[in-house]
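Undergrad: Pasting the feature list from Swiss-Prot:
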type	residues	note
SIGNAL	1-15	signal peptide
TOPO_DOM	16-450	topological domain 'Lumenal'
CARBOHYD	ASN156	N-linked glycosylation site
CARBOHYD	ASN229	N-linked glycosylation site
CARBOHYD	ASN272	N-linked glycosylation site
CARBOHYD	ASN379	N-linked glycosylation site
TRANSMEM	451-471	transmembrane segment
TOPO_DOM	472-487	topological domain 'Cytoplasmic'
Amino acid sequence: MWFLVFSIWIASGQLLPHISNVIEKELDQLEITELSREYINNKFPITQSSCVKNALGEFLEICMRKGFEFVDADLRVITAVRLSVCEFESSGLTNYPSECHEKRLGGIDTISCVNALESSPQWWTTYSGNYQNLPHICMENSLPFEKEQILELFLNITDMYSEFQRNIENYWKSFSSDLEINGKENIDMIQNLFNSLVNDLIQNHKMKDEELITEFDKMKAEFDIRFFNFTESFDNLNDEVNEDLSLIKSHLIETFRQVDSEYMAQLQKNKNSTDKAFNELESMSTYILDHQKTSMELIDSFFSDLIDLTRDKNLVISDELMQTQEETIHLIFQYNKLVHESVIPLLTDDLLPVVRGVSNSIVENLDNMNVELTSHLENVSQTIEVKFKALEKETDRSLLKAKEVESNLRNLNNLVSTSLKGLQTIVRLLTFLLKRQVVLVGILQIFLRKYISMNLYLYAIAVVVTALAGSKVGSWGSLLMKSFVTR
């Protein structure tokens with residue numbers, strides 16, 4: 001750090017003369033104000049003085065800032081007169097009234113000039129037109145006036161910047177002269193400080209090296225002694241941990257075997273019940289099909305017998321009617337009108353009741369057969385529906401049991417995988433701790449600044465490991481019990 005500061009001071013001391021020469025050369029150039037005014041006059045000819053500009057100067061200032069209504073009547077008259085004079089001079093007319101000359105307008109009353117202009121129609125027309133056009137002139141010349149105001153503001157800023165530049169140049173001259181005077185003294189002082197600092201650093205470095213070598217020799221001797229003690233303790237602890245892990249492993253294997261056998265028995269039992277339910281379902285479906293087939297055969301037989309019986313009765317009735325008709329026709333032809341009148345009522349009274357009785361009996365038989373067939377079909381459909389519902393419930397129950405068995409087996413597999421992973425993690429943790437416990441003892445002694453015996457450290461590690469193993473085994477045992485209770 002001191003070396004960096006020293007280098008900066010040396011570089012600044014070398015650059016000071018060059019900077020001073022550059023500043024002196026720049027001071028000989030033209031000032032910014034003169035250059036700015038020359039540039040503006042070349043690029044903006046509006047800033048150059050003219051007759052119309054001088055005539056409208058005071059009028060436009062009030063008109064643009066406040067409005068045409070705030071312009072005084074006398075100022076309007078003076079402005080119109082000045083514009084008329086500018087128009088006369090620009091057209092080459094020199095014999096306009098002497099009362100209206102520019103040099104006399106500021107010190108005399110404008111009434112005499114207006115009266116003089118009134119004497120000639122041409123003069124009065126020019127004055128009247130300019131007076132009436134003053135509002136339009138205010139609006140038309142607003143942009144040049146604003147430009148002029150902006151340029152004036154720019155020139156004011158340029159003047160201020162030029163003054164600021166001159167102040168900076170004067171300050172820089174005084175600062176550079178003071179810097180050149182004090183530079184050598186500061187460099188000598190920094191050189192002395194740097195030399196003393198380097199000497200102090202060299203002495204401190206030598207002392208620290210000697211202290212570190214002595215401390216390292218002590219730590220090496222203590223490390224050899226503790227490492228020898230640690231190897232003996234580590235062998236004993238390793239044997240104890242291996243025995244504990246062997247016991248835990250054998251216990252877990254036995255537990256897994258018992259759980260596996262119980263789950264296999266439960267699975268076989270559920271499988272048998274499922275097979276039995278499927279067999280019952282199959283036999284029930286076979287019975288229903290046979291019963292349905294028998295019912296359909298009975299219905300076909302019943303309708304066939306009914307049709308045959310109806311056909312026979314219709315044939316008998318038809319034959320009887322034909323015979324009766326033949327006999328009647330024969331009697332009609334034999335006995336003529338008298339016989340006809342006596343026989344027809346007799347036949348009518350005898351045959352109509354017989355025909356009506358036979359028809360009524362046929363209709364009643366058909367209605368009874370329809371009612372009996374409908375009730376029988378309803379009973380058969382209800383029986384089939386009840387048996388199908390029972391069969392569906394048995395099937396759902398069997399599927400639920402199979403899903404429960406599958407879920408229990410999946411949980412058991414996850415539990416076994418988690419247990420094995422936990423054992424592997426504990427073994428890796430023990431190996432890691434046992435390999436690095438010497439370094440941990442050294443770090444603890446450095447932080448606590450106190451000697452810790454190897455026996456005390458190994459006892460603490462044994463307690464922590466036993467607690468971790470016990471908590472893991474306890475959690476696995478509780479998970480196994482919960483799974484058995486749930487099952």
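Count begins at 1; order follows the chain as displayed.
Every residue gets a Cβ built from N, Cα and C, even glycine.
Fair warning: this is a prediction, and the values are worked out from it, not measured in the lab.
Are these features on the surface or tucked inside, and what are their neighbours?
TA: The local packing around ASN156 (N-linked glycosylation site), expressed as other Cβ atoms within 10 Å of its Cβ over all shown chains, amounts to 10.
The secondary structure of ASN229 (N-linked glycosylation site), as reduced to three states from DSSP, is helical.
DSSP classifies ASN272 (N-linked glycosylation site) as helix under the three-state reduction.
Other C-beta atoms found within 10 angstroms of the C-beta of ASN379 (N-linked glycosylation site) number 11, with every protein chain shown included. DSSP assigns ASN379 (N-linked glycosylation site) to a helix.
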Undergrad: Please identify, among the glycosylation sites ASN229, ASN272, ASN379, the one with the smallest Cα-Cα distance to ASN156 (N-linked glycosylation site).
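TA: For ASN156 (N-linked glycosylation site), the spatially nearest of the glycosylation sites is ASN229.
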Undergrad: Quick one: of ASN229, ASN272, which of the glycosylation sites has the smallest count of other CB atoms within 10 A?
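TA: It is ASN272 that, of the glycosylation sites ASN229, ASN272, has the fewest other Cβ atoms within 10 Å.
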Undergrad: Between ASN272 (N-linked glycosylation site) and ASN229 (N-linked glycosylation site), how many Å separate their Cα atoms?
TA: 64
